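What Swiss-Prot records for this protein:
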BINDING   Gly13, Gly14, Gly15, His16, Ala17, Gly18  FAD binding site
BINDING   273-287  NAD(+) binding site
Amino acid sequence: MHFHERFDVIVVGGGHAGTEAALAAARMGSKTLLLTHNIDTLGQMSCNPAIGGIGKGHLVKEIDALGGAMATATDFAGIQFRTLNSSKGPAVRATRAQADRALYRQKIQHILQNQPNLRIFQQAVDDLVVENDKVIGVVTQMGLAFEAPAIVLTTGTFLSGKIHIGMQNYSGGRAGDPPAIALANRLRELNIRVGRLKTGTPPRIDANTIDFTQMTEQKGDTPLPVMSFIGDVSQHPRQVSCFITHTNEKTHDIIRGGLDRSPMYSGVIEGIGPRYCPSIEDKIHRFADKSSHQIFIEPEGLSTNEIYPNGISTSLPFDVQLNLVRSIKGMENAEIMRPGYAIEYDYFDPRDLKNSLETKAIEGLYFAGQINGTTGYEEAGAQGLLAGMNASLQVQGKTAWCPRRDEAYLGVLVDDLSTLGTKEPYRMFTSRAEYRLLLREDNADLRLTEKGRELGLVDDKRWESFIAKRESIELELQRLRSQWVHPNSALLGVLNPELNTPISREASFEDLLRRPEMDYAKLMSLEGFGPGLDDQQAAEQVQIQVKYSGYIQRQQDEIDKAIRHENSLLPLDLDYQEVPGLSNEVIAKLNNHKPDTVGQASRISGITPAAISILLVHLKKRGLLRKIA
């Protein structure tokens, strides 16, 4: 049975990757269908009730700069906002918001249901229709076939998902949802390497049974940050506090006593879990010398009593979970509302993807999110946007696009995955980006919004706001460079008391702002120097561009140098054994990863700059050095 309409792009799955993929394709004008097993769970936050953080917040800002929904939904759902690393340099500052699950889901669903060119249909997908290594459609659980030349799979943890609580396990996509068994089996027939990964979630606690007076209160920032470049504090709902408590030796003894019934430590779970979000069992085992571990007590929303205890993800049996929770200060009488669990699921080796996130094996088939071995809402959303966008470009007969590593964290993410692959759930950190001084949260729109507009991702409202901001930054920088203070100027009366060293020669306003003791707000508050910019985002940009100009230029020079060979192609039939001077280790790694370009080769672990130089000399001698058009 065939559906009565054809589509340009079909997106399978309605989580963070799927929603961004469907919205991106639809914004670009493609007739798009979003298939989900349950419309009510579109935009569901399956694990922690938070968006953003170190590295992750950078991705959210990039999604936003390209017209995505995640930041906007967070502004409408965020019940606590904080800027992390606020005392450090701008490259590593990151916005994090505690989110009300229900409000977030409602906002995402509202955006989806009001997006032109987008249809939503509730049915699980069981099969792909492939002809001559090209996807042409999908078949749902009830045998209904939908046709489209581009399919984006965003299956999350549903592919052959298996939930573990103690020694008990059962099939599931997440708690309360069925797994995608038939689709997983179909995908295993394709010529794409497959593996198993694992993630987990903590038990949820009834807030009425917690003694918050025994814990440390953690309030949000004042003034409140916003997540979206076009967001406003007035969109935020009521703000609440989080709390901090700790495990103790009694907690650790309870956990150790239950390890014989842990699916992780008894060999029941095969999948590898996230290194940077370990279960409490892993923490006790890996950091045996630590007497306590921090736990963040996070509200799940304004209309629920459920609490998310961030830091005690576990798959231990329920009785052990209850005992370990009640051993923690402030939770002596706590009641568990939902047990913690681990979930194993299929993922596919992202080295079998192009950087457009299209599979190399099947034309028109795109993967995004946890199916590619990543973990996290933000990583999923960023991939979803890229996959949906490239699916739309393919249907339009246009060239695929992916930002470079020096252009976006999204570029770092995709390049890491498609070049290096992953054996454990991959999450983003600022440390993964070698050019992080240029890839800041604050300038994501300046880096990407113009490209987003060119691609058709950015609407008029966002574009007009961006143009106004960009012009105000440029005009203010011109003003600061063109206005000067002289040693005999009347302005020195208000200026010199604010300086560590008084003015002895003429200086531009830009020179004054560059001084370590001066900031933009202080300079603009002095009589004769203002009034300055009212837009705080633009003012921040002016200050950063002035104060860090030397470092920014140095990093740009490094990028220009690397880019000269970044896109130099490596011939598909290149025999690395024939390249004189390469070590056996380097040859093995190059043969294993099969990089497409010199840039990709340079980022393979163990490939030294010397090896890249040898490779370039060999290619040049053979007349094989050519670049991507």
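Note: Cβ is positioned from N, Cα and C throughout, glycine not excepted.
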Fewest other Cβ within 10 angstroms of its own Cβ, chosen from the binding-site residues Gly13, Gly15, Gly273: Gly273
Inter-residue Cα distance where the pair is Gly13 (FAD binding site) and Ser279 (NAD(+) binding site), in Å: 26
Candidates Gly13, Gly14, His16, Ala17 (binding-site residues) with Cα within 10 Å of Phe287 (NAD(+) binding site): none
Candidates Gly13, Gly14, His16 (binding-site residues) - the one closest to Glu281 (NAD(+) binding site) by CA: His16
Cα distance (Å, whole number) from His16 (FAD binding site) to His285 (NAD(+) binding site): 32
Spatial neighbour of Lys283 (NAD(+) binding site) that is closest, considering only the binding-site residues Gly13, Gly14, Gly15, Gly18 and their CA atoms: Gly15
Neighbouring C-beta atoms (10 Å sphere around the C-beta of Gly18 (FAD binding site)): 30
Distance from Gly273 (NAD(+) binding site) back to Gly15 (FAD binding site), taken between C-alpha atoms, in Å: 20
Cα within 10 Å of Cys277 (NAD(+) binding site) - qualifying binding-site residues among Gly13, Gly14, His16, Ala17, Gly18: none
